[in-house]
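What TrEMBL records for this protein:
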| type | residues | note |
| --- | --- | --- |
| ACT_SITE | Ser799 | active site |
| ACT_SITE | Lys842 | active site |
| BINDING | Gly416, Pro417, Pro418, Gly419, Val420, Gly421, Lys422, Thr423 | ATP binding site |
| COMPBIAS | 95-109 | compositional bias 'Basic and acidic residues' |
| DOMAIN | 16-258 | domain 'Lon N-terminal' |
| DOMAIN | 703-894 | domain 'Lon proteolytic' |
| REGION | 85-109 | region 'Disordered' |
Amino acid sequence: MSGAEHVADQTLPSTLSILPLKNRILLPSSAMKLLLTSPRSVALVDAILSSTSAGSGHHHSLYVGVVPTRRDPRANSNAFAAANGMLDDTDDNEDAPHHAGGDHEDERARLHDVGTAARIVQISRKDSPVRSYTLLLEGRCRFGLDKLTAVHPFIVGEVRQLDAAGGSQGDPEQDDPELAAVAASFKDRARELVDRLERRKGHARRLKSMLESAPAHRLADLFVAAFEDSFDARLELLSTTCPKERMRRALSLVEAHLGQLDVTTDIAKRVEGRLSKTQREYLLRQQMQAIREELGETDGAGGEEDDLDQLQRRLHDAAPPDEVLKQATQELRKLRKMTEQAPAYGSTRSWIECVASLPWSKEAAADAHEVAMVEARAVLDEEHYGLDKVKDRIVEYLAVRRLRPEARPPILCFTGPPGVGKTTLARSIARVLSRPFQRISLGGVRDEADIRGHRRTYIASMPGRLIAGLRRCGVKDPVLLLDELDKMGADSRGDPAAAMLEVLDPEQNHAFTDHYLGVPFDLSRVTFLATANDPRTIPGPLRDRMEMIDVPGYTSEEKHHIAMTHVVPRVLDEHGLLRPKPRLTIPREAVEVVVRSYTREAGVRGLQRCLASLCRAAAVHAAQASDHKAVEGGGGGGVGGVGGVVLASPPQAPVSPAALHPAAAALSRIGPDGVPVVTRELIEKVLGPPRYDGASDDLRSSGLVPGVVAGLSWTAVGGDIMYIEAAVMPGAGSLQLTGQLGDVIKESAHIAMSWAQGGHWPVRGHHGGDGSPGGHGLLRGRNVHIHLPQGAIPKDGPSAGVTMCCALVSLFSGRPVRVDTAMTGEVSLRGLVLPVGGIKEKLIAAHQNGIARVLVPARNLSDVEHEVPESVRAELKIVPCATMADVLENAFEGGYRLAMPSKL
């Protein structure tokens, strides 16, 4: 709705509908849009609309009085709510006490004395989600609010006009010379303010034209409405009825704004001056440096070196190659010309510091030619038990380095299961060579930049891991261990294994270029060592650059010796049970129980964790006993002892030993020296029941079922027992394989099935056979299912053919395989037993799992004699087999003769 009627605006009606306005002020000659949602505000607009539609309204029906409310403690929260659309723009609080009581005096006290008569220019209505109105109001003139005549359904008050309406043609102040002079001064200062703000405020040009065309008594209202956001300043101007006084107040506001601009401009000039001063100081410092160089006082006591001088000295002390020194000197010269605020200052200085900190020419004090072979072997024997072949190869490596130090040594890669001492061997080599040792972990590295570094064009770039390791070592010939080399990956950012080709190639690593350095660095003096769990996952070109040294798993005897010599003293010391006095004894018998019944690993990490659990249980009791001793003051009345300390209970709260830890009652055995001793009862209390009682028990528990055979496998963590199960059921003659098998082991299963159908062995037993040779009729009307348990573990490899053949023969003949026998080997279609790898690990696993007899390929017999420890061979019956006839003869109780033996 638009109020378009032409009415006489000189006279304001004596009564007006009142809209209370919170935290905002409408000034004459300005416009404002209000959102009305409260019931009282909506009722006011409804009354205006009904009066105009009925034709009974006069011109004052399109006017409303906008009066600001006085501030109260809720002002800030109401302002926030209104800004976020949670309240309407008026101050109609229906829940306030004065509304409920209809008290005109309370309502009047809430409103200011002066308001603005506003013409309703436009009304918009919205019915969803609640009925509301949006009013566009134009301020016309000031009025004084005398009293309220009604507060319901909306506020109505008696008013008196205080100045001329904005639309009047006459101006009662236009002949006042004082007002004209103040207005002229105001316009000049306002134009200056608008000119200075023209770039900041988009409405500055429009305000210029308004200043030129507006009457003098409206200039103040126009300026404050456009420039001033302060509620108090607007309220003060609204309450000022004298045009000249309003003009003076507006002029003071203009002066205040100009003063703020002057301060801002002055601050900007000061900042610019300080920057200029910094540049002048930099030039002066350069001139002073040139004068000192001319006078020869650069290194004398007369001048103090700055950071760049120290950096230059470090750069020369590092003695890099001439081309590197030349490039670094150029970068340093650029750095001296930069200010510290320059964007490239930090990256340039970091690069120069990296170059200056690298060991370009510094070498270790000792070398391999100073190492005695007897001493080297003694160091290896001291830190490692067993591993004689590995130690012999390391001594050979050191001997060659001693006879010819300038020779390029081979890169040794120690492979084997976790926890067998690969990293410790590398540390021992560094100790023998008397060189710094640095371990570089490559597990999970997928970015080539981790090896070669990041280019300097990138933010926060840094050198690669090799250069960073050399910086930490401080010499150019350290021992660098590339740990977990087989765990590197590749993705879209590159292949780090490809970057390692240059590092490990003696023909290329003398000029290795890191992307961050951008200059070649000589790696030929570095002794590189590597470790890996599974060498098969290392790319072929990278594996070809290294010499693989297999570090096998430990036998039970070796674990016992390592535990008593190294692991037990270390875990006791780590848990505070060794010093200042012994508090726990772990005898050899306890270690044997843990090794036999709680660990089945190639290394000793699981053994160390089990022993640490026992030490923690003892540490709890030792600490609690110390607390009780302190409470009792050393008195008696103990209930037990740990570490020679009486375990006493406080009289106010008796505590039993078992109340603190489930293993408390087991700590009752005290040795002759008064130190508690770990018993089998304590082990079972802390570690639980035995986890392993011999793998053959699983086979025995199956009740000698035909079709179940124990095989031997070789994984990255050592050898293990792998059962193969075969079953037959009615079907169409298909072979089903399960257990997450790889392609190689699937081929072994098909070869075994083809050999079984070859008719070389008699079918007899409870399947109803008549003793005739087996053949293609084996699968007539039935399916065969071969399964390898633990389907969550991927399985692959060429060593399960013999085991699968035995499982099929056992299945179709109805005869179970001996429960004390395990086997390994691959089979051909003609029934020949082929050699396999990992013989040592497999036989150690069989020994640890309680297997008594092992069938191995005859061509692996030399591996058994040279690799398998004597202690394992003494307790295992190792049966070499050349054909499947040999395998079946030894796998079944009483033998098993083929109808047609295999021939070479």
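Just so it is clear, glycine is given a Cβ too, placed from its N, Cα and C backbone atoms.
Overlay of TrEMBL feature records on the structure.
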| residue | record | DSSP (3 states) |
| --- | --- | --- |
| Gly416 | ATP binding site | coil |
| Gly421 | ATP binding site | coil |
| Ser799 | active site | coil |
| Lys842 | active site | helix |
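Cβ proximity to the ATP site centre (mean Cβ of Gly416, Pro417, Pro418, Gly419, Val420, Gly421, Lys422, Thr423, cutoff 8 Å) flags the following additional same-chain residues: Phe414, Thr531, Asn533, Val551, Ala602, Gly603. Recorded residues Thr423 (ATP binding site) and Lys842 (active site) have their alpha carbons 23 Å apart, per Cα-Cα distance. Sorting the binding-site residues Pro417, Pro418 by the number of other Cβ atoms within 10 Å puts Pro417 first.
Local packing around the Cβ, expressed as the count of other Cβ atoms within 10 angstroms, is greatest for Gly416 among the binding-site residues Gly416, Gly419, Gly421.
Ranking the recorded positions Lys422, Lys842 by how many other Cβ atoms lie within 10 angstroms of each Cβ puts Lys422 at the bottom. Mean pLDDT of the predicted structure over the domain 'Lon N-terminal' (16-258): 75. Summary for the recorded positions Thr423, Ser799: the Cβ-based neighbour count within 10 Å is maximal at Ser799. A straight line from the CA of Lys422 (ATP binding site) to the CA of Lys842 (active site) spans 20 Å. Lys842 (active site) sits 11 Å from Ser799 (active site), taking the CA atoms of both as reference points. When other Cβ atoms within 10 Å of the Cβ of Val420 (ATP binding site) are tallied across all protein chains shown, the result is 29.
Comparing Gly416 (ATP binding site) with Ser799 (active site), their Cα atoms are 19 Å apart once rounded.
Separation of the C-alpha atoms of Pro417 (ATP binding site) and Ser799 (active site): 19 Å, rounded to the nearest whole number.
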